[in-house]
Amino acid sequence: MSDASLNTASTQQGDAEFGDYFALLKPRVMTLVVFTAFVGLLAAPVGVHPLVGFAAILFIAVGGGASGALNMWWDADIDRVMKRTRKRPIPAGKVSEDEAFAFGITLAGFAVVMLGLATNLLAAGLLAFTIFFYVVIYSMWLKRWTPQNIVIGGAAGAFPPMIGWAAATGTISIESILMFALIFMWTPPHFWALALFMRSDYDEAGVPMLTVTHGRRATRIHILVYTLLLAGLAIATAFTSVGGPIYLTVAIVLNAAFLIGALRIWRRDEGMAEDDNYAVEKKFFRLSLYYLFAHFVAIALEASLVPFGLGGW
Amino acid sequence: MSFRDQHDLHKRRFSRNLGLGLVLAAFVALVFGLTVVKVGVEGFAMKPQNEVQD
């Protein structure tokens with residue numbers, strides 16, 4: 001009797017545990033996907049059975065995770081260089097690149113088919129497009145080619161609420177487009193603020209971030225312009241069927257704070273930033289996390305209060 | 001030669017197998033639940049037997 005799996009040469013290294021495969025799904029990104037997809041589903045004017053809703057969010061999350069695994073497969077060379085990503089399962093030697101590819105592609109197909117069966121074909125099609133967009137358009141093409149990588153690639157992260165909405169209604173509407181646009185316009189200032197204080201990482205990996213290709217002054221201007229556009233969009237959403245007084249209040253307060261932060265970043269130069277170790281940029285980055293979370297919580301609150309005659313206009 | 005299950009390799013494999021088993025069990029339960037919900041939805045009705053025969 002022989003047991004090939006006892007061949008130590010092939011198992012001593014890279015024999016991953018369950019958690020390593022889970023880490024391939026980028027769980028932290030997945031929480032944002034789950035949360036925004038949930039809000040999209042909740043805000044939709046059509047009710048779904050709780051189990052169907054749960055299944056929809058689960059399969060959207062698995063699809064998002066699968067694209068994360070495929071992104072790690074493609075970007076393994078960059079991940080080995082950057083401090084922030086060096087401990088991911090592939091650069092750490094726990095999972096091989098081929099395994100990550102097989103894992104990602106299988107889960108992607110599985111998630112799309114199951115979402116289609118649990119809800120409808122539009123939601124499944126949107127999920128398939130999101131995975132394609134993140135892996136092929138963003139990871140393989142734009143990320144290493146253009147400093148606008150973050151702008152266009154941000155679309156992939158913006159789809160979940162639209163998929164959640166489509167899972168419930170079977171349609172795309174102005175509200176779901178506005179929720180998409182909110183995340184899409186929020187992504188560039190969020191990542192550029194990070195790039196301002198994580199410069200060396202992107203430099204060493206050769207990723208053409210705006211800070212590297214167009215300089216830090218241009219990045220500061222870009223942050224301000226995108227924040228201005230985002231503010232208009234976020235406040236306009238208040239006057240659609242997913243908005244209401246709670247959302248409007250949250251949007252006014254947070255967009256004012258976000259604009260003040262962007263103005264501060266715009267007024268500073270590198271000398272000032274280095275003097276306080278990028279305190280303003282780091283504060284803006286932290287605020288950006290609360291910003292998106294609070295906007296979607298407000299949309300969820302408006303939708304949850306409708307049955308009590310309170311939410312919405 | 002005896003297998004020593006204390007080896008770190010076995011622990012990692014056990015965690016992997018246990019995780020996969022639990023995920024599969026949860027998936028079966030989910031598909032069963034979805035089936036019950038879908039079949040229970042109004043509009044999901046089998047044709048009466050006499051219509052099928054026609």
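Glycine is treated like the rest: Cβ placed from N, Cα and C.
The model shown is predicted, which means the values in this text are computed figures rather than measured ones.
Summarising the annotation, TrEMBL assigns transmembrane segment to A:29-48 (among others).
Positions annotated as transmembrane segment by TrEMBL: A:54-74 (among others). Sequence-remote contacts of a segment are chain residues at least 6 beyond its ends whose Cβ falls under 8 Å from one of its Cβ atoms, and for the transmembrane segment (A:54-74) they are 24-27, 29-30, 33-34, 37-38, 41, 48, 88-90, 97, 100-101, 103-108, 110-112, 114-115, 118-119, 123, 127-128, 130-131, 134-135, 138-140, 156, 160, 163-164, 167-168.
Per TrEMBL, the feature transmembrane segment maps to A:95-115 (among others). A Cβ distance under 8 Å defines the sequence-distant neighbours of the transmembrane segment (A:95-115), meaning residues of its chain 6+ beyond its ends; these are 14, 16, 20-21, 24-25, 55-56, 59-60, 62-63, 65-70, 72-73, 76, 89, 123-124, 127-128, 131, 135, 163, 167.
The transmembrane segment annotation in TrEMBL covers A:121-142 (among others).
The transmembrane segment annotation in TrEMBL covers A:149-168 (among others).
With a cut-off of 8 Å between Cβ atoms, the residues of this chain six or more beyond the transmembrane segment (A:174-197) that come close are 36, 39-40, 43, 150-151, 153-155, 157-159, 161-162, 165-166, 209-211, 216, 219-220, 222-223, 226-227, 229-230, 233-234, 236-237, 240-242, 258, 262, 265, 273, 278, 281-282, 284-285, 288-289, 291-292, 295-296, 299. Marked as transmembrane segment by TrEMBL: A:174-197 (among others).
Marked as transmembrane segment by TrEMBL: A:218-240 (among others). For the transmembrane segment (A:218-240), same-chain residues at least 6 beyond its ends with a Cβ under 8 Å from one of its own Cβ atoms are 174-175, 178-179, 181-182, 185-186, 188-189, 192-193, 195-196, 210-211, 247-248, 251-252, 254-255, 258-259, 261-263, 265-266, 268, 284, 295, 299, 313.
Under 8 Å from some Cβ of the transmembrane segment (A:246-266) lie the Cβ atoms of residues 189, 193, 196, 220-221, 223-224, 227-228, 230-231, 234-235, 237-239, 280-281, 283-284, 287-288, 290-291, 294-295, 297-299, 301-302, 305, 311, all in the same chain and six or more residues away from its ends. If you look up TrEMBL, you'll see A:246-266 (among others) marked as transmembrane segment.
Non-local neighbours of the transmembrane segment (A:287-310) in the same chain are 32, 35-36, 38-39, 42-43, 161, 179, 182-183, 186, 189-190, 193, 234, 237, 242-244, 246-247, 250-251, 254, 257-258, 261; each lies 6+ residues outside the stretch with a CB under 8 Å from one of its CB atoms. What TrEMBL lists as transmembrane segment is A:287-310 (among others).
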